[in-house]
Structures are given as structure tokens and as C-alpha cells.
């Protein structure tokens, strides 16, 4: 749809002539100003006109096309409730089935029961569901009414002021004014914020579950407003994308009156449902309203997954339908045969009105339909309701398991999917993320390398080796220091001098206090408030012990920074001092960390305007700083630094200490900005400038203790990524402190107290494609435009400046040396399991940046291909970088991860790790968590070529197949062993397990080359698979590939947004509540806090849920078939007339009351094996993987047993009462009683756990039957005419035959079942049977039996001869295979390497791991050699054995036999 409106150009000219000022903005001229009318395509974009006097007509024309802000989540109205609810209920085939039977029963020729009685069950079900749906919809109506009537201030055009209105009155284009703690009523574009920096703080917990605050900034050009926003002065048109459900994606542009454009994104959008925090006032214009808001578009309702048991049950239901049809056919044919035996029409065969009789064929068809009505219970429709109730009970007990509760986070397991709990007991493959899932995701700065020099931080390493030194409850040795503004200057000078040396930074976390066995957070601060004492605190490790050697160089670098002048050359030198300064500046600046002080409240507290102490003190401080900045820098360094006491005296009592301060310590730090002749902001001031020489502590003494200056305010850093927070804390340990951050500038405090304010020109955020982040700043001392970049080493190394392009030969050699040594250190860090990041910089000229910024603004203003253009502009800037160094961050393994992985592996579960980390880091973590063992044969494949990948997969697969052939037992014929082509190994010998390590590029080659089948076949021989450098899309593709091709049950577990696709692709998705937000949790089926909880969740609760539900389903199917067959056998004695010997009300009560509760209790509370035994014997989990409790054989065995029991229950009473003159109901009552007794006793035999509740339910059901029968038979005189069951039960209770039959028949009926269960328990070889025997033993004997079991199950040690030999691979012509690291930049050498040489190289590398790193060694083999070498069993030589021992001593992280291709 094209919409043509008057452009605001002419109206703007008219307004300018009347004296209205022009609103300045950062724009790019893209449109011609001569055009008087502008055309917009409303089908592809959204156009928003402001609701003010100038655009009133355009707003009226456009806004009526958009929905209002009134929301309605109800499904019904008062008039549509009854018909629509019935229509929805009859969409279920079960209700249609019952309705079909009711209609059939209303036909006179097919009537079996009373018509009203047949309608009653269906009517009750429909009525109950209708009441439930009505109550739920009424609750939604009340909620909608409360939301729609919430108050908000909307700008009224006629009154030209903000008016209090309801949310439902908001329209697209309205101006909305919001205050602190108010909820955003619609999706609003932020135009004004009371924050002087144009920032609005949001809490998005209602959308994504994250409690940390988010920053939103006003649109460019509106951030410098010093007065209130005036809607009448807004003369811009907004064009943006159509409504969608992407919470983190938004793009559009603002067209100004001069037809220039300013682009904006999601950083300026306030989403509906968020809460304004720490911002007194925010004003914006409504972009999306009502059901078009992103929050409403994301309310798609709960996802429905069908469990494996339910899929199996649906198949068996079709078998039951087949049985029903067969029985009805027998009844129809039998009825025709029976009628054919009469030579004349019998008296009960009544003719129609014309006196004619039905033909035999038509009579048989009617009888077929009549038999369906009679045997309808054979289809267990109530089974679905029972299953839902059982699942609710299982989830209830699962959610209340204290073992799955995490004290640190105060969170327990969340069951977000109620219908797949039983699938937890059948998992065969687990796909896990690494960071935050296997590891803590609490990053700790471990070591770094700068300009090729490595700083190991040994003191930091020793401290970190102490397990959870700072996290233990009894060793909490720090207290939260709540420092006010005045405390910054209040410390005694002697305190500073006594704190010399490098000391670790103390944490400012709250102490944990035990309360009745559970831990809760107790504030240790002095400030009494309901809010947390630490605003925006992140649960990350902040303790860093500086390296003494690096600390000295940092001090020199800080002093060097002070000597810089405006004449600094454009091309920075590669000196160590300057590089160290730039390195720590990059750590401090290149991030998106939010800064606050520990005393900053969560919600802003306002003070009365009469309080002028704050303004007076700030004005004096600013005047003092302006005067002091006139001093020379050299004078400031020749003088000594001031003491805190003296500085406090000089400032006097004007320093504000109130918590309601509008400016925190960070704003005070940056209070002395000025503008020099160069046109850039030089924001640098020194604490030493404000006092005379000789007063207080010297600068040298201050630099000696950069990490212990407790007099300075304690800053809290809130980071989106734990990596960023760890780097900022590491820089803070060296006194490069991030003081404040705004959209316009970043302030950094140097070790000597000097504050530098960098103008923030542009921020290129991190994304999974670029794998890096950059900031463009203007240096306050030199005026240079500097690009600081950090990112993955695999990306940064390719973006560095080519040393060959450097004209200076010495500089070229130096660059190559730095690059090689940094890569060497990166490999060392990776082998130590550290996360690596490279730091680089680039100096950009003014002209280049101006040209690039113009392209960037055009990309931001683009609507169609905005993301592609932004990516392209980022790539144009992030190149020709200068390497500064790299960091190694430790991400500790979570507690219990190695034990959990080992246990899951014993349970027969294949574990794959899909991570985006580099290969060396992932492999190291895999060894640490026992995913890969020392004796594993590890295949590492790194290639981008499809042909090479196929050859490698074929050869590796061939070798593994041959080694598996060695494990097969010898073939025998009549007791004689047949000759074998390959030599066999002894039965005690075990061939080592294989592991596969593969990277993202190889995965691309596999998916693009149609090699998925070979890849999966290879993984079948591997115990563990490790996919490194994998993207979120690759993760989901792998999960779908394994799930669909192998037809196995899969589980994915992760904690980050990049794991969402993988979690949703698996049969069961588990999210971990970690440090990376709640997106993984919100998209998961279950949410846990620790990976170790997965062990009990699967092995115990998974086994129980599967075993209970599977056996309950089998029992339910058996119960219905057994009972219905009683009616079927009776048809052989009533001429297949569809008569019954049991009263119809008794039949209804049988399923409704008498046998409904025991299966529910059985499905919720039964425990076939105790939790302790299940955890001690993980092999028991394989019973669920193999579907031993419920499969095709168990179904048919139960069906045969049901037919047998029904035969016994019918024919023993028949023979007992044969020849007597009892009536039909007197004959049916014993059969009904016997059937109930047999079914309940069958249930009792299946129960493995007996409690008082079980006994009460079974006995109560049995007694209820007699109680209801006695009352019904005593009161029902004419209720079921003509055959009323009056006094039938009372008469049977006085008949001895009744007692004899009721006692003897169940025993005979259950004898085969009892014999089968006894034989299974005595001679059965299943693991479950053996475990049940062990479970019944006393605790001491049970523990001994479990130990004996585990000793028998433990595999034998791997003999020397059983280890496979690996030879280097012959390549296809022109292909290379790296024998060590995949990042080899040297040309490959064509040579042949024997097994011993490869093994020696590996062992030697491990023995010298701390001294050097493996170099770039590549090997390309001759075309005549085999890819993996010949497969043969060979004894290791003495030298090789010694080398193996060397490998064992040197590192536990390496495998005994590995091959990198």
C-alpha cells in the first residue's frame, strides 16, 4: 500500500519564517529537498507521524491504519462462549468419538443403553472442561482490564500538555512521558531522558528474565537537550520496519524537515513491559502499540512436545482399534449366523411398520455398530486424562527435590514443559555447551602477553589453585564496604603508606549467612535500605593479584602517558611502554560495561529542590578543577600526590555525602573537561595538582599500592559478558580504572590518579559473525583517532597489518617476532584451558575517519539492508591492526562436572560438546572434565576441502571398523574355532575408546559435501565428540542430524543465547541459569542451575518418570481390554444381541471410581528402585534407553494376559452357576466383583513400593465398590427398567458360592502373572531385576553388593598390544594435513613420519609444555601412503614405552594416542 502525504519541508520553511529554531542533528543528506510530497510503502515499512499541531492531518490519516494499545488476550465473549467452546472441544477426536457413539445409541435399531445415560458421561466431560475454560478466560479478562486501565501521561495536542490517560488510549505517534519505576506501555522510541548523557536505564526482567539493568540512549541529535522536551518542536517523520517478534532487532530512520536522515536501532527502543529505573523522566514517541508490540508478538503460548511414550501409545491405540473392529466383526457375523439357525423369525425379532424384517446383511451391519457402542471402553479415552494428571504429580515432586536446589543462586529446577518428563529417562545423546555449562562462566584473569612478553602471574595462579577459597561459607574474609563520597578523601595518609606492594583486590560481595540449613544473602553494608547494597553487581570473580614484573612496567607506562603532547606522531611507535599503556587502555575502554558505585541505589531516590548543598559543592569543585588545570603537567609530576586528608581539608565541608546525589563519584572525576585548539576534548586532570608539593603521600608510594587504595570509591561493573568484566577488573588491579561511561565519552583513571576522558566516536559491538568488538575514540592527550579492537585470536590474527608492507626491515622483523611469540603464548594458554582474546589497535587519520563515519551513518539510516551495510562498514575499519597482546582468562569447571560426565557415560549416554571456543582450549577442558581420557585415541580433523574431508572420514572409519573386529569373539562350529582373517585379542583386553575433535570449517565441509552419513557412522565408533569453533546454526544442525538420522532421544543443555537453537532442536532442552542471561532458560523445557544436577535429573527422576508412566500405560491398556472382554464373551451366550450381564451404572462407576485412583497413585509414587541404588549403578539407566518397560512385546504380552484373565473371570463363574435359575444381573455381579478384584491385585503385583497411601488407595477402591453396590442395589427399584438390579448384591453376600468364586477365580487368573514375575525375579538376567534384589538387602550388605557389581562392570586395563597404531596420512594430491596445530602458517613439508616419531613429538611437547609451545609443524605425505597407515597390532618398544610414561607424567590433559589431521 502506497501512502502519499505532504512533506514537512514546506511547513518547516513556514515555521522557520515565524521564528522557530532549527533542531540540530547528526544527519546524512540523502533526499532531495525540492520534493513537496513524500510517498511511503506501508506494506514494507511503518511510517509514524507525531501527534502534534504540525502533523495532525498526517497523523490522523496514518494512525487509523494501526491498531490501538488496547490488548485482549481472552478467547471468548459472553455471546460466543458456548458455541466457540463446544466447537473447540469437538476438535478433539476423543470427544467426536464419544459423540458418534451417543448418536448411534439414539437410533432405535442400535440402542444398547438408555439414551440419557449414554449422553451423561460426555455431557459431564464437556461441562467440566467448559467451566475450566470459562474460569481461565475470566481471569484473563480481569488481567486485561487491569492492564488497559493503567495510567500513563500522554501528550494532548489541544491542551499542549501531558494528560493522565489509560494505556488503552495510547495510539501510534503519541508522545509518552514516563517516570522512574513506571512500566513502559508500548514500544516507544526514546527522544528525551532526564539523564544529562541521554541514557535511560531499563529493567527487562518481564521480557527475558534478566535482572540486570540495560541502557537505552536517545536518538542521535537529541542527547544534548538541556531543557524539557517539547513535542510541538518535533517536526520529524519516523520510518521503521514492520512489527516483528525480534526483541533484540530493530532498525529505522528519522527524516528531518530538511529531508536528511538519522538512523537508529534497538539501542533507542523501550519495549512494552519494561520498567524505568534510575531515570527520573523519559519521553518518547510510540512506534508499535497493542498486539503489534514485540512483547505481545512473543506471547505465542507454551510449546507442545510429544513424548516418546505418547508416540508409542498412539500406535498401540490403533492396535486397540483393530482389536475392537475385529471383535465387532465377530459379533456381527455371529449375530447373522445365530439368526440363521432359526427356521422362522424368532419372537424377539420385531418387524418394522410395513411388517417386513431387516435383511441379514443389514442386520449384521447394525449389529456391528451396536457392538461398537457396547465395547467402546476398549479405546481408553480416559487414559489421556490420567496421563496428564500423572505428569502433573511427577513434575510436582521433581520441582520440590532439595538435591536440585542451588543455595548460591537460591533457585531450584524449573519444569517448563509438563508433558515430556518421562523422556528424561530415555536420553541417548547429550549435546552440551562448554562455557557456562561445563564451566562456571565466572571469568578470572589468569595471565597475559604484551608485545611478545609473557606475564605468567604466578601469585595469581597459586591463589586460584586453592579451591573456592573465597566462596566457602566459613572463610568469607571480606566484608562489603559501603563508601560514601566523603570517604574517598577520609583515609589517613599512613594507611596508604602501609599498603605497599601488590595485593589482591577484595571483593564487595555480600556475605552468606546460614539460616536453618539454607543460605540466604545478608547485607554487610552500613546503609539500611530494602534495596541491595551493591547496585548492578555481577557474580564474577574480581580478585586479581598483579604480576610484580608487569606492575613496574605499568607504572612506567602511566608516567609515560603524562609526558604525551599534542605533537604526538600519527603513527605510534612499537615501544613496550606505549604498548603496555595502550593495552590496558584497551582493556578498560573496549567494552560495554556499565559503571556504578556501591552506594548507588537500585531505584533513584529524589530530594527536595530546596536542598542546595549538592549544587554548591559541585560548583566549587568544578571551579577548583578549572583553576588547577592551568598548572603544567611537569609540575604535577615533580610534586607529590596529595593525601586524602589534606584534599578533604582543602575541599572543606562542601562535599556532599547524601545517597540522593545526582552525580556519583564518576561524574565528579570527569568534571574538568575543556576544549583545546585542536577541536577535541582533552579531559585530563591530576589529584596532585590541587595541593602543594610535599604534602601527603608521594606519587611513587601511591604507585606502589595501586590495588589497595580503599579510599577511592568502590565501583560496580555490570557487563553483558563475564569476559568483559574480568578484563575490566584486571585493568583495575593495575589501577587503570574505568570510572564512567556515557554514549559520548569514557573516563579512565590512571594509577597516579589522573583521569582521562576519551571521546567515544563509535562503538562496533560484538557479534558471532565478526567475533570481535571495537571502539573508536579520540585520545585526550594526542588528539588521535584510535581504534581499539579485541576478539578471538583466529579472527584478529588475520586482520593484523602485513609485516611485509612495512618499509623498515627492523620493524618488519620485530612485527613478525611479536606475532610469532604471541601465537606461541596463545597456544600455551589454550593448552592450559584458558579462554584467549587478542587486543589490537589502529590509528585512523581525520580524513579517513570522516569518510568512514559518513558511510556508517548511511548504513545506520538504511532500512532494507541495514545489517549487511553495518557489517561491511565494520570490516572496512577493522583491518591493518597493530597487535598489542593477548589475555588468558580462566573459566573454572563447575563442581561435580567430571563425576557427572563419568556417571552419564556409564549410563550409556553419548556426550557431545559443541562450543565456539578454540580447539586447544576445548580439548584441554575435555580432558579436565573426563570427556576425553588419557587412554583414548583422539582423532582431530581440520580441513575445509570436501574431497579431503571425505577421504579422511573413509580412512578413519576403516581403521576403527578393523579394530572393532578384533573385539568380536571367535567364531566356532561344532566346538571348533574357525580361522579368522585378522588376529584376535584376548577377552580380557580392551581396545581404547576413540574420541573425535572437529572444527567449524570441517563441519561446513561435511554439510555442504553431503558427508553427513559417513560422519555419523564415524561418530558411532567414538565415545566422545568435540565440535570446536561451531556457530549456533551448526549446533542446531548437528542436533537435528543426530536426532533424525539415528532416531535417538537427544538432550541439549546450554546457558547462553547462542545455545537457544540447539536447545529447541533437541527432544529435551535444558537451560542453565548462568551469567549470560535467561534466553536459554526461557526457550528450554527444564531449567537447572548446575550441570551436576543433570545426574540425578536423568538417572533418578528420569528413570522413575519413565518407569512409572510406561508401566501405568501398559496397565491401563490391560485393564480396559480385560474388562471389555467380559462383555464380549457373554455375547456367545446371548445370541450376539449386544446385551450385558452387568448394570450400565456399574460399568460407568467401574472406570470412574473403582479403578481410577490406583493407577494415578502408581504413576506418581511408585519407585521400582531407590534413588541411592540408581545413582550408585548408572547402568540401570539403560533400561529406559532400551524401552524395556513399554515396547511392542510388553504391549502384546499384556493383551494376551488380559484375554486370559477375562476368560478365567467369565468362565469360572459361568461354570459355577451353570444350570441354576439366577437372573442376568445376579450372574453378572460375581463376574464384575471378580474382575475388579483381579485388576486391583494385578496392580498390587506391579507395585514395587508400598506405603500406607498405596494400601489405603487399593483397599479403599475395593471397599468403595461394595459400598456403592450395596447402596445402589438397595435404592434402585425402578431406575433401570425393565431389569432392575434391586437387592442383587445383598443377595450375593448371603450366597457361599459367591465367596468361593470370588476367592478362587482371581488366584487362577493371576497365577501365570505371578509365576512369570517370580521366574523373572529369580532367574532373570536383566539389570533391573538384579538391582531390585540388591535394593531389598540391608544397607551394609547392599553397599557390598554394589561395590562387587561395580568391580565386575569396571573395564580391564588397556594392554600395550591393544593400543592401535596411528600413522600419518597420505594426502590426496595437493592437500595438506597438519600434524599439530591447525594454525600453521609455514608451507608443508613432504615427508613420512612413523608412529614412534609422532608419538615422540607429542611426548616431548608435553614434557616441555611449560618451557615452550609446539611449533608450526606440518606434514604432507606421499601419494602412495595410506591415510591412517596399516592396521596391525604391534608391541611397543622400550623407548616408546618410556615416552608414554613421560607423557603420563607431564600432563593429564593429553591422550596416550592421538592424531591430528
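Cβ coordinates are placed from backbone N, Cα and C, and glycine is handled just like the others.
The topological domain 'Cytoplasmic' annotation in Swiss-Prot covers 1-82 (among others).
According to Swiss-Prot, the feature topological domain 'Exoplasmic loop' maps to 105-110 (among others), an assignment based on sequence analysis. If you take every residue in the topological domain 'Exoplasmic loop' (105-110) and average the pLDDT, you get 78.
What Swiss-Prot records for 133-316 (among others) is topological domain 'Cytoplasmic', and it gives sequence analysis as the kind of evidence.
Among the features that Swiss-Prot reports, topological domain 'Exoplasmic loop' is placed at 339-368 (among others), with the record citing sequence analysis. According to DSSP, the secondary structure content of the topological domain 'Exoplasmic loop' (339-368) in residues is 11 helix, 0 strand, 19 coil.
According to Swiss-Prot, the feature topological domain 'Cytoplasmic' maps to 391-1111 (among others).
Per Swiss-Prot, the feature active site, 4-aspartylphosphate intermediate maps to 433; the stated evidence is similarity to another entry. Within 10 Å of the Cβ of residue 433 (active site, 4-aspartylphosphate intermediate) there are 30 other Cβ atoms, across all protein chains. The secondary structure of residue 433 (active site, 4-aspartylphosphate intermediate), as reduced to three states from DSSP, is coil rather than helix or strand.
Around the Cβ of residue 1055 (Mg(2+) binding site), 31 further Cβ atoms fall within 10 Å across all displayed protein chains. The annotation Mg(2+) binding site is assigned in Swiss-Prot to 433, 435, 1055, 1059 on the grounds of similarity to another entry.
Marked as ATP binding site by Swiss-Prot on the basis of similarity to another entry: 433, 434, 435, 724, 766, 790, 835, 915, 916, 917, 1029, 1035, 1058, 1059. In the three-state DSSP scheme, residue 1029 (ATP binding site) falls into the coil class. Residue 1029 (ATP binding site) has a Cβ environment of 22 other Cβ atoms inside 10 Å.
The topological domain 'Exoplasmic loop' feature in Swiss-Prot is assigned to 1133-1144 (among others); the stated evidence is sequence analysis. Long-range contacts of the topological domain 'Exoplasmic loop' (1133-1144) within its own chain (CB-CB distance under 8 A, at least 6 residues past either end) are made by residues 112-114, 117, 331-332, 334-335, 338-339, 367, 370-371, 373-374, 1126-1127, 1214, 1224-1225, 1227-1229, 1231-1232, 1272, 1280, 1285.
Under DSSP, the residues of the topological domain 'Cytoplasmic' (1165-1194) split into helix, strand and coil as follows: 18 helix, 0 strand, 12 coil. Per Swiss-Prot, the feature topological domain 'Cytoplasmic' maps to 1165-1194 (among others).
As annotated by Swiss-Prot, topological domain 'Exoplasmic loop' applies to 1217-1223 (among others), with the evidence given as sequence analysis.
Taking Cβ pairs closer than 8 Å, the topological domain 'Cytoplasmic' (1247-1252) reaches residues 1162, 1165-1169, 1332 in its own chain, all 6 or more past its ends. Residues or ranges marked as topological domain 'Cytoplasmic' in Swiss-Prot: 1247-1252 (among others).
According to Swiss-Prot, the feature topological domain 'Exoplasmic loop' maps to 1274-1291 (among others).
The topological domain 'Cytoplasmic' annotation in Swiss-Prot covers 1317-1461 (among others).
On the backbone, the CA of residue 916 (ATP binding site) and the CA of residue 1055 (Mg(2+) binding site) stand 13 Å apart. Neighbour counts of Cβ atoms within 10 Å were compared for the binding-site residues 435, 1058, and the top value is held by 435. On its own chain, residue 835 (ATP binding site) has 435, 443, 723, 888, 889, 890, 891, 917, 921 as residues at least 6 apart in sequence with a Cβ closer than 8 Å to its own Cβ. The C-beta environment of residue 766 (ATP binding site), restricted to residues of the same chain at least 6 apart in sequence and closer than 8 Å, consists of 721, 772, 773, 791. For the topological domain 'Exoplasmic loop' (339-368), the residues of the chain that approach it from at least six positions outside its boundaries are 109-110, 328-329, 331-333, 1135-1136, 1138, judged by C-beta separation under 8 angstroms. Outside the topological domain 'Cytoplasmic' (1165-1194) by six or more residues, the chain places 308-309, 312, 393, 425-428, 903-904, 906-909, 1049, 1095-1096, 1098-1100, 1102-1104, 1106-1108, 1110-1111, 1113-1114, 1247-1249, 1251, 1253-1254, 1326-1328, 1331-1332, 1334-1335, 1342, 1346, 1349-1350, 1353 with a CB less than 8 A from a CB of the stretch.
The two recorded residues, residue 1058 (ATP binding site) and residue 433 (active site, 4-aspartylphosphate intermediate), show a Cα separation of 9 Å.
Between residue 1055 (Mg(2+) binding site) and residue 433 (active site, 4-aspartylphosphate intermediate), the C-alpha separation comes to 8 Å. Sorting each residue of the topological domain 'Exoplasmic loop' (1217-1223) by its DSSP state yields 0 helix, 0 strand, 7 coil. Annotation note: residue 1058 (ATP binding site) sits in a helical segment as assigned by DSSP. A strand conformation is recorded for residue 835 (ATP binding site) in the three-state DSSP classification. Within the same chain, the residues at least 6 positions away from residue 1059 (Mg(2+) binding site) whose Cβ sits under 8 Å from its Cβ are 433, 437, 1032, 1035, 1052, 1053, 1071, 1080, listed in sequence order. Below 8 angstroms of C-beta separation, residues 118, 358, 366, 369-370, 373 of the same chain, each at least six residues beyond the ends of the topological domain 'Exoplasmic loop' (105-110), sit close to that stretch.
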